[in-house]
Amino acid sequence: MEDNNFKGSPYHLQRDPEAGGSSSMDDFDDSSGPFDIASTKNAPIDRLKRWRQAALVLNASRRFRYTLDLKKAEENQQTLRKIRAHAQAIRAAHRFQTAGQQHNGETTPPIPSGDFGISQDQLALMTRDHNYSALEEYGGVKGLSELLNSNLDKGIHGDDADLLARRNIFCSNTYPRKKGRSFWMFLWEAWKDLTLIILIIAAVASLVLGIKTEGIEEGWYDGGSIAFAVILVIVVTAISDYRQSLQFQNLNEEKRNIHVEVVRGGRRVEVSIYDIVVGDVMPLNIGDQVPADGVLISGHSLAIDESSMTGESKIVHKDSRGPFLMSGCKVADGSGTMLVTSVGINTEWGLLMASISEDTGEETPLQVRLNGVATFIGIVGLTVAVSVLIVLLIRYFTGHTNNSDGTVQFKAGTTSLSDAIDGAIKIVTVAVTIVVVAVPEGLPLAVTLTLAYSMRKMMADKALVRRLSACETMGSATTICSDKTGTLTLNQMTVVETYVGGKKIVPPESGSHLSSTLISLLIEGVAQNTNGSVFMPDGGGEVEVSGSPTEKAILHWGVKIGMNFDAVRSESLILHVFPFNSEKKRGGVALRLSDERVHIHWKGAAEIVLASCTQYMDFNGQLVAMDEEKNKFFKEAIEDMAANSLRCVAIAYRTCDLNDVPSDEVHLTKWVLPEDELILLAIVGLKDPCRPGVKDAVRLCQNAGVKVRMVTGDNLKTARAIALECGILGSDAEATEPNLIEGKSFRALSDAQREEVAEKISVMGRSSPNDKLLLVQALRKRGHVVAVTGDGTNDAPALHEADIGLAMGIQGTEVAKESSDIIILDDNFASVVKVVRWGRSVYANIQKFIQFQLTVNVAALVINVVAAVSSGNVPLNAVQLLWVNLIMDTLGALALATEPPTDHLMHRAPVGRREPLITNIMWRNLLVQAAYQVTVLLVLNFGGRSILNLQHDDNARADKVKNTLIFNAFVFCQIFNEFNARKPDEFNVFAGITKNHLFMGIIGLTLVLQVIIIEFLGKFTSTVRLNWKYWIISLAIAVISWPLALAGKLIPVPETPLSKYFSIAYRRLKRTICPRRPEAA
């Protein structure tokens, strides 16, 4: 039975007209620049294509490796469509064949397999084809469970031998995955860089000419050194990229490892989705993912969203006539129990997953913006490189370039062709190397590096990142809309106050003086109107209770007042269930007793259930009318409990005539349980203490400019008490409207009023999931970057709509988790704050790397350009520049992109998503350092001989010493500047340095390699050994960068970003050149 407009589906809420418009499309305004994408969450494909086309890229396969592979994503969609169509065609053919066999009276008996009475092929065919007649032939669900050596109530035995036998016969719940790319693939991709290919060609040409003119012993050095440097860059790049890919693979594995409940040996146990076996009995609740193919044992209002399998957004109701459940689908409403019949590759979902390439990548807003920065810098670098090439070639061929001994390098008619080509190749090599240094290919990849590092560390902080972009967006969050239960509180509920029989019971589990009728009805309601279970060990011992924290607390209380769970459940038959609904705040069950009487039990929010009660049962078991005075007594009791931070739950019942209950299954499924004229049995108050440290976590957020708002389904007074305890509300004076508001009041406002009120809300009580969605939309329209926590299926639309959706790992449903961006594994608000901290760290680390890289870029480019134009020679040759590129690109990114977060990050305001990446502080820092490096090194380049007392050495030797010193000092400056880049806006750049072992290791490695290059690899790098005096000079030049950075930080910078001045100037220039035409009348 199918229903396109099924109200209970979480997907229905996404199209709710009451929700108002979404502001998310503002993030994808086509009039903005190609790289100006504030959020990549749900971004249109055309918008993603636009920035790719605008980017200047030298190695597309590497640059776009961790962005969404648009082509692969489309291929996956096509594959899914083909497999679905193929599966439906096979199913139709089998149904036709089965119909023919039935017509001819043919039956296929079950074929034993090992210790089991049925084969895997028969199970798979029956489930995939939804073959109901085959199920009946096997004896229905009960007969099938016996063939599988399982029990519908107690499940399988579940010992190691039993599990192994089932896996051997019926397969395990895994499917073959496409292997991740090998190291050699990363090596191959690193080779594809256009500039490196040109350098290799130049190296080969130089090698051939060198060997031809100077012989093999001396002639191979020039070409060989360039080739070696290029290979080194490629290998280091590939190693770095390969390590990142392994980190992402591990995180993806963690994301897939869902934990589910199964019944084994009569008790509910939690297992990994990979450990499910054929024959397992599994409870299913709203929001769960169906983890394997199976057959419904029993269900109540069970509705399944099969869109992941069929591709059609239809909700399908399941009952005894349509009992087949498919792996990968979601429970949209209701509850039930299933018998697992097929797992892993024997399911349609397993075939689907094995056929598609899972990882299509994903881009983040920072990646897109950094591609824009890289493109801009690359264009500047390319222009400079072409200019240098033209200047050097003109100087060379016009005879204005001299050798170190003063002789002219090229004389028309005199210089041999091979020498002329060799000279031209060296010039081209220098120009190409400038492009390698100038185009920061590693800049966008630094985001991936820092995200991979942060995601791994966040796992230790109990946060599993499902969507990369959320990791950095969290750093811009301006508000967090948090649930109360389990996030701000411990989710460890206990019944501490009870009102039974019209009066308060002390202690709450004392029921000895209550009538047997009242106790019997109360226990019946507790045992039957629940999704939880109670397991009594055979040999005695502690009772095991499972279910949600609220259910567990009430079941524990039921056991204390004398409930025998299994016995009570066997005394009556469940006719129909109304699962707990977050809109109505209550759940109900209809029971048929042995004497044909019908009892309808309700349980839910105390004041809502109380409003439906017309009577209550006193402690003698007599029914008493609910007069105004008693109603007031119960209301005051609820308010007192709520004021003491207790969650109030009322338990009520009523009788019903059996003739009013629909007799056929179709009508029974649609039957609406009577919810009026109820008889109140009890009101219980549940204590859920605040989490330790939550007050500090809330204060930390407030200091960081992030407003914490509590959105809860609980009573407004309970919410108020908890909010005061947590520090969300500072004082009683703040606990008034509109700071404190009920969901229905907020819902009733107009769009404009909602936006205005949303800004002030600190606590929303008695809210529905749709209220949470409306609040998120209102806040986003006000320009907030909103993070939302959620655990229920109906939270999915709000999690999807928010900038960052945070699902709870323990209490969260699979639907909520799939709609989220980050899963908080311990359901703790303190972990949410850690995510904010890591998000800010990602942004800060990228800015550190940008500052460092731009300083190197500016200095290297200016030094080589000025030297080339003025003298025709460049002090930094191709091999030296490739080494600088390695320090800057790969090693620099590793050192700076993996800085752990500091407390300093939580003492500043959130970073606006449209704020410039390069701040005025960064411009100041990098210009101070670049100006210093350029000045000192150019002075050495033009006046080095006299400053270093090299006038008496021969010209060739003097130039080599001078250029070696320039190269050595330049590298040392970059190493020392890495320390400055760690703290762009702090004076103490060494704070916490000992905690970052990777940073210290990279600095040490770079220093050691630099010493080896100068002292032992002179032939390759065209350098000479330096004496201790020149090493001290190099060190002194570099050390000055520290006090210089300190002095630079005293220079004030304007608050308005420099980029704004440029954009204003650009717009004015544009208006001057292209004035607007007057509009036609």
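Placed from the backbone N, Cα and C atoms, the Cβ positions cover glycine too.
These figures come from a predicted structure and were not determined experimentally.
Listed features, source TrEMBL:
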REGION    1-40  region 'Disordered'
COMPBIAS  20-36  compositional bias 'Low complexity'
DOMAIN    137-211  domain 'Cation-transporting P-type ATPase N-terminal'
TRANSMEM  194-211  transmembrane segment
TRANSMEM  223-242  transmembrane segment
TRANSMEM  373-397  transmembrane segment
TRANSMEM  427-453  transmembrane segment
TRANSMEM  849-869  transmembrane segment
TRANSMEM  921-940  transmembrane segment
TRANSMEM  998-1018  transmembrane segment
TRANSMEM  1030-1051  transmembrane segment
Contact set, same chain, for the transmembrane segment (223-242): CB under 8 Å, 6 or more residues outside the stretch: 62, 65, 183, 186-187, 189-191, 193, 196, 199-200, 202-210, 429, 442, 445, 449, 878-879, 882-883, 885-886, 889-891, 893-894, 1019-1022
Remote residues contacting the transmembrane segment (849-869) - C-beta distance under 8 A, at least 6 residues beyond either end: 370, 373, 377, 380-381, 384, 387-388, 391-392, 430, 434, 437-438, 440, 442-443, 446, 450, 875-876, 881, 884, 887-889, 892-893, 896-897, 917-918, 922, 925-927, 929-930, 933-934, 937-938, 941, 966, 970, 973-974, 977-978, 981, 984
Same-chain residue ranges lying at least 6 outside the transmembrane segment (1030-1051) that approach it to Cβ under 8 Å: 924-925, 928-929, 932-933, 936, 948, 961, 964-965, 968-969, 972-973, 975-977, 979-980, 985, 987, 989
Other parts of the chain folded back onto the transmembrane segment (998-1018), taken as Cβ under 8 Å at six or more residues beyond its ends: 883, 887, 891, 894-896, 898-899, 964, 968, 971-972, 975, 978, 982, 1024-1026
DSSP-assigned states of the domain 'Cation-transporting P-type ATPase N-terminal' (137-211) in counts, ordered helix, strand, coil: 47 helix, 3 strand, 25 coil
